[in-house]
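So that you can see what the record holds, here are the features copied from Swiss-Prot:
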BINDING   8-15, 55-59, 118-121  GTP 1 binding site
BINDING   190, 191, 192, 193, 194, 300, 301, 302, 303, 336, 337  GTP 2 binding site
DOMAIN    2-168  domain 'EngA-type G 1'
DOMAIN    181-357  domain 'EngA-type G 2'
DOMAIN    358-439  domain 'KH-like'
């Protein structure tokens, strides 16, 4: 699929333009400068033509900190790989030194570029005061738009399609491929999610730095491993709600993480092995379990743990005790920074997904039920007649009982254990239960 990149200095309205073109609110939009830190992508469909649109972080001329420097590096690397660039400038303020520096880089890269003057609500004022100086950037006729007010976006789309077709790129809409395993990578800030994400993808796609809170937007990318397609989502670190100010960019990012979990098949929960398992780790794992997603637990930064060769059992016990409610999850010890056990993470994802999509025959369920009930005492008056699996993603079982009110948590634990021990282990997947009254 053709790739179109939106670039420009901070706060010229790139994310607003992105959201309007993809027709959904995916990139975070705020008045705060430099809100977009990671590239965000989606598909644009327009009159039967499709292309991938990528919203990049604002390019600072002279980045003053490590985050800004990393943002610039990621964006400039993506420019070199793009089919077309939308160079966005401020149609009210005109050009700045930052615009001129980026224009110089774009010209040297020889990438096809469309100059977009955003915030040009007043076209007469734009034509008179701003447009003449834009020609000095060297990209020909600028296209004035107002993303916020939906002005001239059709003209922009027509120009994009024309440019891409002139390059001989196939823009025909194709049926969406839904056989990919969707994987969300979640965890507290600075546990190494982005480093793990990049180790799996083996390229600098997500922004990685040692400063907590670097990733704000979910970043997703496709990868084929041994012929299998995955879509990985690297999500912003979840912090405790009490530590997140309302109406902040970070608050929006936390909502986006929950949304990423909702859309995932398998969630990789990343823990910092140097810090053990915290209350917030437990909250995140609980969120994944309640949403009914398959899960893999990763102790990252294993290379920094002292005497690690003798401590596998200790950390496994810690996992079983503190994350007992997802103890069905595969547990992997990694150093994403050094590339340790990345293949095992992939294997665990495959195992969890296989469990998540497995359906077992009713005969196996009821055979196990009869066998175990023969030596099990149920609460007085409770009878379990038979059961069957009614769904996958997650595996969901319906049991027919004489009294739903008598089915308490111990009986639910008993039935889940019965299924895992006697029918199918469902390693990596939660098991949901439903009950129906029957005589």
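Placement of Cβ uses the backbone N, Cα and C atoms for every residue, glycine included.
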Site extent for GTP 2, whole Å (max Cα pair distance, 190, 191, 192, 193, 194, 300, 301, 302, 303, 336, 337): 17
Candidate nearest residue 8 (GTP 1 binding site) in space, where candidates are the binding-site residues 190, 192, 194, 301, 303 and distance is Cα-Cα: 194
Winner by Cβ contact number (other Cβ atoms within 10 Å) across the binding-site residues 11, 194: 194
Among 190, 192, 194, 303, 337, which are recorded as binding-site residues, the nearest neighbour of residue 120 (GTP 1 binding site) by Cα: 194
Neighbourhood of residue 192 (GTP 2 binding site) by C-beta distance under 8 A, where only residues 6 or more apart in the same chain count: 270, 272, 300, 301, 336, 337
Those binding-site residues listed as 14, 301, and which of them has the most Cβ atoms within 10 Å of its own Cβ: 14
Surrounding CB atoms that lie within 10 Å of the CB of residue 303 (GTP 2 binding site), all protein chains: 15
